[in-house]
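A.B. asks: The structure that follows is given in the form of structure tokens.
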Amino acid sequence: MSSTALYTVPTAGPDDVAALKALDGHSASDILAVIGKTEGNGCVNDFSRTLSAAVWHPLLEDSAITVFSGGAEGVISPHVNIFVRDERQYSGHPRGLVTAVGRTRVIGPEEIGRPAQVDAVHETVVALLTELGVGPDDVHLVLIKCPLLSSDAIAGVHRRGLRPVTTDTYESMSRSRAASALGIAMALKECDRDRALLALEGRDDVWSARASASSGAELDDCHILVVAESDAAANPLRAAHTAMRDALDIQALTEVFDRIAAEGGTVRQIFAKAEADPSGAIRGYRHTMLTDSDVNATRHARAAVGGLIAALHGNGAVYVSGGAEHQGPSGGGSVTVIYDVPATANATGEASR
């Protein structure tokens, strides 16, 4: 179990590691996870993610993970969120935020987007909950970086006489996110395996407000971060989660922000998923995110939701990731808010729902 501190630091580019100097006395050996937004396109050929991973990994312990989400469209500002191990006991805080990180086994290209990936994610998340000593109800965020299918990987699957889940590299990002999110839902007991596999086939509606998955070409396993609250920790950090029902759902956000304010809390960071409503309309009005041949729909969605969340937060260094398959209701997205409370405030995490 790792009691946690969080530092959100702007970056000057994908290769910027200056955040190591902004950890309030913590060192690189204390880092559990680096979760960043980079200014690439967020698509298959976004090498800003690869660059960030390449410069950060040699600086971290082998047990630490990185998750870099490409796409800083609109007002989203590139940054890193660094979760560090903080075993200090803060008086006046009967509980606090805890995190655990891990990796699945290597996901074979023929397994991406399929039940094997769902199962691998489920098994790893369950193991991380056990490590933390928490139950599913204590968890506010499970954030995953998962692999995609490159052209070479697809060709290799065919050479072995197998079939990939898709031959479209961009679609493989969606399929991988979907399988990862359903593995999370299983681990948090939001569905059983039968329902998860039906949802994977598009025959059931399963989603989690605590799942956040993004995919990339820079890894062949899944990097996983679990964020929960625990009575075994004593720090000022808390978390709350909700789901936006669509890209305009400011009410879902303000309700959480208001409850945090009622606790005397201060918002530290927002982790959100966003997608273009697959129906082609939002609240009865047609949108063109899915029919724009110049800009991918995930980029439109990040810009729209990123602007909404940044306006509420007061700055653009917010973690908004595109593609919300099974991560919130269709057309919406999961949201987790991490905040801190003063020692004299109600520290029971009542903002959560």
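A Cβ is built for glycine as well, from the same backbone N, Cα and C atoms used for every other residue.
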A.B. asks: In Swiss-Prot, the residues S69, G70, R177, S214, S215, R302, S321, G322 are said to bind substrate. Which of R49, R88, R283 is said to bind at that same site?
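C.D. replies: For substrate, Swiss-Prot names S69, G70, R177, S214, S215, R302, S321, G322; of R49, R88, R283, the listed one is R49.
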A.B. asks: R302 (substrate binding site) to E275 (Mg(2+) binding site): how many Å between their Cα atoms?
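C.D. replies: Between the Cα atoms of R302 (substrate binding site) and E275 (Mg(2+) binding site), the distance comes to 7 Å.
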A.B. asks: Count the residues of the region 'RU B' (96-231) that DSSP assigns to helix (H, G, I), to strand (E, B) and to coil, and report the three numbers in that order.
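C.D. replies: When I sort the residues of the region 'RU B' (96-231) into the three classes, I find 60 helix, 31 strand, 45 coil.
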A.B. asks: Based on Cα coordinates, which of the following recorded positions are within 10 Å of G322 (substrate binding site): K145, G328, P329?
C.D. replies: none
A.B. asks: If one measures from the C-alpha of A324 (Mg(2+) binding site) to the C-alpha of S214 (substrate binding site), what distance in angstrom results, rounded to a whole number?
C.D. replies: 9
A.B. asks: Taking DSSP states H, G and I as helix and E and B as strand, how many residues of the region 'RU C' (237-353) are helix, strand and coil?
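C.D. replies: Reading the DSSP string over the region 'RU C' (237-353) gives 30 helix, 33 strand, 54 coil.
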A.B. asks: Report the residues of the chain - excluding R49, S69, G70, R177, S214, S215, R302, S321, G322 - with C-beta within 8 Å of the mean position of the site's C-beta atoms, for the recorded substrate site, in sequence order.
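C.D. replies: Leaving out the recorded residues gives G42, G71, M173, G216, T298, G323.
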